[in-house]
Amino acid sequence: MSNTQEMNEDFEKIIISIVSYSGEAKGYAYEALALSEEGKFDEVEAMMEQCNVSVRKAHAVQTDLIRQEICGEKIVVSMIMVHAQDHLMTTLSERELIRKMIEQNRRLHRLEQALLNK
């Protein structure tokens, strides 16, 4: 196996880790949303923290690639790289929307509890 081929395989593994961490984060966020619909807000917070951990891992990989490029290393922009960046950015956007939805569910839950306690 040539050095270039090994480098390409290593690079692909790095890029795929962004997709993987982003997918994990998105899954945790949607699980938190589902838990919020059931009123399980303690579990929601734990799940969103897991989401944030996965986002930080993906972001760390992305930041390292940016640092490498700033330091003069040639970073190949391939379709898989674009796909990974797309995954990360949509995960970040969805996480923010899900946070808002969870807060709405929290408010709705409080209102329901207040009505039941009247």
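Backbone N, Cα and C atoms are what each Cβ position is placed from, and that goes for glycine too.
As written in TrEMBL, here are the features:
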ACT_SITE  His83  active site, tele-phosphohistidine intermediate
BINDING   Asp86  Mg(2+) binding site
MOD_RES   His83  phosphohistidine
Which same-chain residues, if any, lie at least 6 apart from His83 (active site, tele-phosphohistidine intermediate) yet have Cβ under 8 Å of it: Val19
All-chain count of other Cβ atoms within 10 Å of Asp86 (Mg(2+) binding site): 13
